[in-house]
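Student: For reference, Swiss-Prot lists these features for the protein:
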- 1-31: domain 'WW 1' (DOMAIN)
- 42-72: domain 'WW 2' (DOMAIN)
- 132-188: domain 'FF 1' (DOMAIN)
- 201-257: domain 'FF 2' (DOMAIN)
- 262-332: domain 'FF 3' (DOMAIN)
- 354-413: domain 'FF 4' (DOMAIN)
- 427-488: domain 'FF 5' (DOMAIN)
- 491-552: domain 'FF 6' (DOMAIN)
- Thr576: phosphothreonine (MOD_RES)
Amino acid sequence: MSIWKEAKDASGRIYYYNTLTKKSTWEKPKELISQEELLLRENGWKAAKTADGKVYYYNPTTRETSWTIPAFEKKVEPIAEQKHDTVSHAQVNGNRIALTAGEKQEPGRTINEEESQYANNSKLLNVRRRTKEEAEKEFITMLKENQVDSTWSFSRIISELGTRDPRYWMVDDDPLWKKEMFEKYLSNRSADQLLKEHNETSKFKEAFQKMLQNNSHIKYYTRWPTAKRLIADEPIYKHSVVNEKTKRQTFQDYIDTLIDTQKESKKKLKTQALKELREYLNGIITTSSSETFITWQQLLNHYVFDKSKRYMANRHFKVLTHEDVLNEYLKIVNTIENDLQNKLNELRLRNYTRDRIARDNFKSLLREVPIKIKANTRWSDIYPHIKSDPRFLHMLGRNGSSCLDLFLDFVDEQRMYIFAQRSIAQQTLIDQNFEWNDADSDEITKQNIEKVLENDRKFDKVDKEDISLIVDGLIKQRNEKIQQKLQNERRILEQKKHYFWLLLQRTYTKTGKPKPSTWDLASKELGESLEYKALGDEDNIRRQIFEDFKPESSAPTAESATANLTLTASKKRHLTPAVELDY
């Protein structure tokens with residue numbers, strides 16, 4: 001067990017303590033030196049640590065630095081076993097050249113001559129060593145002249161000043177002292193320097209974010225309290241004059257950048273995954289042997305997630321959710337449905353054109369049938385003549401109007417023509433002072449009207465069949481008017497009878513007055529009333545109502561009830577079927 005112990009002083013510097021002799025030393029004892037350290041020492045290198053704990057290696061002679069262990073040509077025996085009186089060192093352009101006692105010298109040349117030939121006059125290699133007290137002022141002056149501020153890290157000082165300023169190497173074996181001087185310099189900056197740094201916020205932000213980038217422990221999810229602990233010893237945080245709010249905002253801006261980068265990375269990954277998923281699903285859906293689409297449940301049970309080895313083998317699919325897969329499935333299905341719908345619309349458009357052509361051909365057929373279609377023509381009249389015609393057969397099963405619809409449209413046109421001619425005929429009869437004789441039969445009346453119309457020039461182009469239909473319409477119209485007139489007269493009479501009954505009720509029921517024993521007595525009593533006079537000469541009707549009237553009855557008579565029903569019924573429009581099937 002070693003008698004040496006490693007310890008640290010108040011400043012954090014490492015020293016070594018001998019438990020037997022009770023002595024301490026800054027130099028590491030030989031007993032504690034590892035093989036790696038021996039190798040470094042024998043080749044003129046030393047190991048040190050930066051402020052954030054990263055190990056680096058430097059050569060105080062050549063002023064070289066490296067983050068990795070340098071590669072040496074061969075291992076050197078431990079220092080204790082070396083024979084210093086047989087070794088001489090020389091540096092040429094930073095490379096070590098060793099001459100040992102075993103190496104052969106050229107005749108006539110001495111070691112001193114060779115050392116003189118390969119002497120290196122670089123200022124970095126020929127720095128006069130100083131004590132720490134002597135070097136402190138010049139070291140701080142070096143920092144000031146190079147405009148070092150709190151935005152610098154100690155590793156930057158090593159890499160930049162250590163390679164170009166000899167003052168950095170005045171004390172070459174104590175990097176902790178140099179870091180101490182750096183901290184002291186930052187603490188003792190002048191007011192002007194602090195004000196200048198305070199105004200250079202952009203410079204601070206750039207350096208602060210660079211420091212955050214170099215810290216591998218700060219992630220996009222790191223919060224400010226955690227970050228403060230991680231960067232507490234960083235000079236830019238510890239000695240910066242920038243307020244805490246600006247530091248925190250700069251940190252947040254950096255974190256926002258990391259978050260955006262993370263999101264963008266995830267977005268790119270997901271975009272790639274969705275693209276590959278689309279190709280994967282297209283291959284499944286479009287190559288399916290089924291006549292219908294693969295349902296979502298079938299897809300879920302056999303082709304995606306842990307149900308499919310092929311799906312699980314794609315590492316990009318790991319970022320996809322059920323919702324992502326469902327959305328892509330719906331997009332593909334909708335695309336296929338839209339394609340089918342477009343094809344169906346194209347087919348409908350072609351069929352629409354064919355349907356229109358078929359209807360036009362059938363209309364031509366209706367104009368060519370052997371029997372001329374009139375206002376009273378029925379479907380059964382023309383069907384035998386068209387049932388075998390291709391123009392009729394091509395109409396079967398078509399969209400839009402059917403053959404019957406087109407036929408009825410044709411008949412309606414003829415009816416409208418007859419209706420218009422009937423109005424002209426009616427005016428002609430008025431102009432000719434034609435008198436209707438109710439004693440004549442409809443047939444005689446028809447013959448008389450036809451003679452009048454045939455002699456009128458307005459009907460020269462109207463054929464006899466149409467004139468017959470026009471006259472039939474006139475006779476029917478007159479008969480309907482006569483029937484309407486009679487119906488109105490009957491309704492008015494029934495109303496008068498009802499009003500007379502109400503008169504009797506008011507006179508003999510509500511007043512309590514006894515009903516006269518005879519109609520003659522009642523006639524004298526009621527003769528001046530309007531209801532009595534309204535019946536005119538219909539004395540028999542008045543007598544019948546009087547005899548049927550009973551004073552104790554308050555309900556309307558049967559005749560009045562019938563009159564009301566007749567009146568109500570007469571106001572209703574008689575409905576007929578829209579299409580009468582006559583075959």
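Numbering starts at 1 and runs along the chain as displayed.
Note: Cβ is positioned from N, Cα and C throughout, glycine not excepted.
Tell me what's around each of these sites.
Tutor: With DSSP classes pooled into helix, strand and coil, the tally for the domain 'WW 1' (1-31) is 2 helix, 12 strand, 17 coil.
Under DSSP, residues within the domain 'WW 2' (42-72) fall into helix, strand and coil as 1 helix, 12 strand, 18 coil.
Along the domain 'FF 1' (132-188), the predicted structure has mean pLDDT 79.
Across the domain 'FF 3' (262-332), DSSP assigns 56 helix, 0 strand, 15 coil.
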Student: Taking the domain 'FF 1' (132-188) as reference, which of 1-31, 42-72, 262-332, 427-488, 491-552 has the most Cβ pairs under 8 angstroms?
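Tutor: The stretch with the most contacts is 42-72.
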Student: With DSSP helix as H/G/I and strand as E/B, how many residues of the domain 'FF 2' (201-257) fall in helix, strand and coil?
Tutor: 39 helix, 0 strand, 18 coil
Student: Let's see if you can do this one: DSSP helix, strand and coil counts over the domain 'FF 6' (491-552), in that order.
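Tutor: Tallied per class, the domain 'FF 6' (491-552) gives 43 helix, 0 strand, 19 coil.
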